[in-house]
Each structure stands twice: as C-alpha cells, then as structure tokens.
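**Student:** Quick one: the structure is below, and I'll ask about it shortly.
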Amino acid sequence: MLSVRVAAAVVRALPRRAGLVSRNALGSSFIAARNFHASNTHLQKTGTAEMSSILEERILGADTSVDLEETGRVLSIGDGIARVHGLRNVQAEEMVEFSSGLKGMSLNLEPDNVGVVVFGNDKLIKEGDIVKRTGAIVDVPVGEELLGRVVDALGNAIDGKGPISSKTRRRVGLKAPGIIPRISVREPMQTGIKAVDSLVPIGRGQRELIIGDRQTGKTSIAIDTIINQKRFNDGSDEKKKLYCIYVAIGQKRSTVAQLVKRLTDADAMKYTIVVSATASDAAPLQYLAPYSGCSMGEYFRDNGKHALIIYDDLSKQAVAYRQMSLLLRRPPGREAYPGDVFYLHSRLLERAAKMNDAFGGGSLTALPVIETQAGDVSAYIPTNVISITDGQIFLETELFYKGIRPAINVGLSVSRVGSAAQTRAMKQVAGTMKLELAQYREVAAFAQFGSDLDAATQQLLSRGVRLTELLKQGQYSPMAIEEQVAVIYAGVRGYLDKLEPSKITKFENAFLSHVVSQHQALLGTIRADGKISEQSDAKLKEIVTNFLAGFEA
C-alpha cells in the first residue's frame, strides 16, 4: 500500500509534459523512491505520523529540477544561410549551435522558421541536423590581455600564441552612449603625419573618414597613426596612452600578415589588437568583425582610458551585409543594398565618443576607411559614411601618381571638430596654410593657360609649390608634433621661398637632424607649453635663418 502511495506522489510531483522532462528529473525521482524502499524496514518500526513526515521529507528533498533545451531542425542549408524550424523563442542576434559544433547567429525571425547565418563552412551542416539555442547574444573577450594578439571576429586567437586568457566578455552589439555622458572633442589625437595634423587635425573621440580609390595610401595613414602612438605608450602617463585596434575586413591573409609584421618591427603590437576577417572567411564574420573590434575598444573607453579603432574597410562590410541580406530574402534597395545599410554603419560609428569626467573621461576614436570606384564619392556607401562621420581625409589617385604622398586633396578634406583639439603651436604655424594651398591649386589651374602673371600671383604659386613639397612624407616615418611645428614654421614664414623646390626634402631632413641634436631644449619647450611663445618664436627664427645660410652655402 505504501509503495503505491509513494509512486503516486512521485508521479504527481513530475511535470505533466513528459516530452520536456530531462533525464535528471526522472532519475532523481526514481532514486528517491528507491531510497524509500531501502529504508522500508525502518519505516515499519515507526509510527504513522513519523513515517509520513519522513516520506514527505524524502520526496521534497529529491532534485526535481528540469533542464529544458529548445532545439530545432535544419529545413534547408546553402550559401551560408540555414533555415531552422522549431526555435520559437530564439532572440534576434542570438548565438545558436549546430550538431556539427558550428556556431551561427539568428538574424531573420519569421513566423514559421528562423534565418540563421553560419559562422564557418556550411558544408558541415546537413538538412535535418539538430540546432540548439545557447541563450547568449554574440559576445567577445575584451581587456588588456588581447593587446599584442591577432584574433578573429569572434575573439578566438589566430596567431598561434595560445588561447586568450581574458575573463571579461562584452556583447558585440551594444548601444552607443547617450547625449549626457558625452563631451565635445578637446584632446588631440596625433597621427604623426604633417598634412593631417596641420590641415585636418583629429581629436580623441572623433570619427574621421579616410576615403579614396584603391592603392592611394589609405591603410598607410592608419598604420602610421598606430606607429606614432609608441612615443605616448612608452611613457607612464595613462592619460596620454592610446590603445589601438585594427580591424581588417575582407583583406588578403598575406596583407594582414605583412601589416602585423610591420607593427611588430615598429614595436607597436604591444599596444595593438588586430581583428581579422579575411576575404576567405564567411560573410557573417566580415559583417561582425567591426562590431567585435568596437566592443574591445569600448572596454578601454569605459574604463577611463583612450583607444583608437581603424575599420579597414567598411565598403567590404557593406558588401558582406548585402550578400547576407539578399540570401535571407530581405528586399533590396539602391545598388541592391538593404534598406538598413545606413543603420549598419551609423550604429557602429556612433559608439566612438569622448566621455565626460563623470563617466571616466575615456575616449574611442574611429578612423573608418571607405574605398571609392574611380573617385566617385557620390556613391551610396561613401555618401552614407561621409554624413555620419565628423570629417574626411580624401586621397586622390592623380596626386599619388604625381609623387605627392600622402595624396591628400586639401580642398576636399575637412575635419569638422578636430580644430578644437589642435595644439595651439600647430594653429599658430598652420593657421593660414590651408587657405594658401587652396588658393595655389585654384591659381595653378589657370596659370597653365597664360604666362603673364603679376608678382602677387607668382609669389602665391611659388609658396604653394614649396608648401606642397614640405608636406610630403615617407611611409612608416611619423613625426613628433614639435618637429612638425619647426618644419612648417620654416615654410609658412617664407624662409624657403628662395630655395629650389627639389631641395626642400633634403633641407627638411638636414634641418630636423640639426634641431633634434642641437636644440632639444627648444623642442621640449614647445612640447611642454603647447604653443610658440615670443621667446620660442625668436629662437626658432634665429635657428632657421642661420641653418638656411649654411645650407645654401
């Protein structure tokens, strides 16, 4: 009689939907019943009330927890897209796992099935395979443990140096900071490139687009900027340090390998994270890589530190997103891109920000790269990103092949907020340079048709040629801001107007060597003060005049 009552009590305690019961629940219930039978002799010797209490205690003490796992089955698979039936409660952008071990992300939530993009080779998945929810939105490891490492879009190490030891993880699709935590850009982000720091200055927390045709030096500007941060990161002042994240999207593996080698040779990898989703990787990984890199950069920003992230390039991310959207049968729009391609980039670039002191005072600066076709900046993706960012550096093929490198078009390049962050010393020497160069380009176009030019026009042309020569700079050779100030000072104050344009580069190299070796105190004063005082101006004038006399002799 007791056995029947025990069995009935156990059955009543179990959930009614047996299809959802795990083995753990059944096993633990049967163990409770077996334990009761084992102590049946003991129960017979006790009173009815005591026996009931022991029985109740045994049944209530049994582990009846139910581990529910929602699973579905693959209806169709192809082109990196899986249609899955049965995942009724899956979240948007939730990670799911296939029976082969491959991971995917749910993007399309439809009434009868879920569209899942696969992170890898879909040949490992077959129709009818079981798909399991993980309950986790896609996240990546973050933290200083990633510095010096090369990782994929999911944060897995691909540099052969072992797994990432970071214990902190962040979602890749976090919302951008609101209005209240932000503050206007006020600190300079030195690139070490004369043409950029003087004409299109960038501030910490800014979004500055680098745009141009292929093979015009877009990546070179980004890499030089990373290398230039070594002078700040070698110091102990955490406020001056700038941690760098380079996101390679759709590039060749050999290109990424060369880039990592270049950064290693320059001793810049120790403060850099490289996130790589190469051309051979699945489109979902190329789509995800910028968001993963941004989450890694936000870790530094939200901890009161400063970070720089380079997206090279967002054109390929847009192409990968277009591929995924068309395969998911989303309606195409202009140039076959989906309607939310603007939101694709705006929600990414809005995460770059300068935070106010109440929120740590950190910053995340973004340098997105966009590749144009035959200089067409009015195409869909370039115009979108231009409208989102705080300015652009426009690189021209024509200037590049003329030997003007970096091939920055001064007229089309602009920095909307960076001038507020430019150091006062650079403002003092470069204030009129952009106007002079713009006038020079305009006059140079008309000067081709006539030889009779007045003295003022000839002076403008002469100054423009020399300033253009002065702004040329070799690859992987960034300069300190005080060195740039000294060189540009000589050009804009007219000391080089009588020097042959072909000798400008030679003069610059010799002059820099002289100043660095003989007048380190003056450079230190400019660096510390952030401006050119009357004493510094007089000293600089004397140095340039004396050196030029010896150089021409």
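Each residue, glycine too, has its Cβ placed from N, Cα and C.
Reproduced below are the annotations present in Swiss-Prot:
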type	residues	note
TRANSIT	1-43	transit peptide
MOD_RES	Ser65	phosphoserine
CARBOHYD	Ser76	O-linked glycosylation site
MOD_RES	Thr134	phosphothreonine
MOD_RES	Lys161	N6-succinyllysine
MOD_RES	Ser166	phosphoserine
MOD_RES	Ser184	phosphoserine
BINDING	Gln215, Gly217, Lys218, Thr219, Ser220, Gln473, Gln475	ATP binding site
BINDING	Thr219, Asp312	Mg(2+) binding site
MOD_RES	Lys261	N6-acetyllysine
MOD_RES	Lys305	N6-succinyllysine
SITE	Ser413	site 'Required for activity'
MOD_RES	Lys427	N6-succinyllysine
MOD_RES	Lys434	N6-acetyllysine
MOD_RES	Lys498	N6-succinyllysine
MOD_RES	Lys506	N6-succinyllysine
MOD_RES	Lys506	N6-acetyllysine
**Student:** Got a sec? Which of these modified residues, Ser184, Lys261, Lys305, Lys506, has the most Cβ atoms within 10 Å?
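**Tutor:** Buried the deepest by this measure is Lys305.
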**Student:** Among Gln215, Gly217, Lys218, Thr219, Ser220, Gln473, Gln475, the annotated ATP contacts, find the widest CA pair distance and round it to a whole Å.
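**Tutor:** Overall maximum Cα spacing for these binding residues reaches 17 Å.
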**Student:** List, in sequence order, the same-chain residues at least six positions removed whose CB sits under 8 Å from that of Gly217 (ATP binding site)?
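**Tutor:** Long-range Cβ contacts: Leu395, Phe400, Arg405, Pro406, Ala407, Gln475.
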**Student:** Do any residues at least six apart in sequence from the residue listed as 'phosphothreonine', in the same chain, have a Cβ closer than 8 Å to its Cβ, and if so which, in order?
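**Tutor:** Correct list: Glu94, Met95, Val96, Glu97.
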**Student:** Would you mind reading off the Cα separation of Gln215 (ATP binding site) from Lys434 (N6-acetyllysine), to the nearest angstrom?
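**Tutor:** That separation, Cα to Cα, works out to 25 Å.
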**Student:** Excluding near sequence neighbours, so keeping only residues 6 or more apart in the same chain, what lies with its CB under 8 A of Lys218 (ATP binding site)?
**Tutor:** Ile210, Ile211, Gly212, Asp312, Asp313, Val369, Glu371, Leu395
**Student:** Taking just the CA atoms, what is the gap between Ser166 (phosphoserine) and Ser413 (site 'Required for activity') in Å?
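**Tutor:** Per the Cα atoms, Ser166 (phosphoserine) and Ser413 (site 'Required for activity') stand 40 Å apart.
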**Student:** Express the distance between the Cα positions of Lys305 (N6-succinyllysine) and Thr219 (ATP binding site) as a whole number of Å.
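**Tutor:** So the Cα of Thr219 (ATP binding site) lies 25 Å away from that of Lys305 (N6-succinyllysine).
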**Student:** Measuring Cα to Cα, how many angstrom lie between Lys506 (N6-succinyllysine) and Gln473 (ATP binding site)?
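**Tutor:** For Lys506 (N6-succinyllysine) versus Gln473 (ATP binding site), the Cα atoms are 12 Å apart.
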**Student:** Measuring Cα to Cα, tell me the gap between Gln473 (ATP binding site) and Lys434 (N6-acetyllysine) in whole angstrom.
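**Tutor:** Answer for this pair: 17 Å between alpha carbons.
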**Student:** Would you count the other CB atoms within 10 A of the CB of the residue listed as 'O-linked glycosylation site', including those on all shown protein chains?
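**Tutor:** The residue listed as 'O-linked glycosylation site': 11 neighbouring Cβ atoms within 10 Å.
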**Student:** Have a look at the recorded positions Ser184, Thr219, Ser220, Lys261, Lys498 and say which one has the shortest Cα distance to Lys161 (N6-succinyllysine).
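**Tutor:** Closest recorded candidate to Lys161 (N6-succinyllysine) by Cα: Lys261.
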**Student:** Taking only same-chain residues 6+ apart in sequence, whose CB is under 8 Å from that of Ser413 (site 'Required for activity'), what do you get?
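**Tutor:** Counting only residues 6 or more apart in sequence, the Cβ neighbours of Ser413 (site 'Required for activity') under 8 Å are Leu199, Val200, Gly391, Gln392, Ile393, Phe394.
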**Student:** Would you mind checking how many other C-beta atoms are within 10 angstroms of the C-beta on Lys161 (N6-succinyllysine)?
**Tutor:** 10
**Student:** Work out how many Å separate Lys498 (N6-succinyllysine) and Ser184 (phosphoserine) at their Cα atoms, rounded off.
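**Tutor:** That comes out at 42 Å between the alpha carbons.
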**Student:** Compared by Cα position, which of the recorded positions Ser76, Thr219, Lys427, Lys434 is the closest one to Ser184 (phosphoserine)?
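**Tutor:** With Cα distances computed to Ser184 (phosphoserine), the winner among Ser76, Thr219, Lys427, Lys434 is Lys427.
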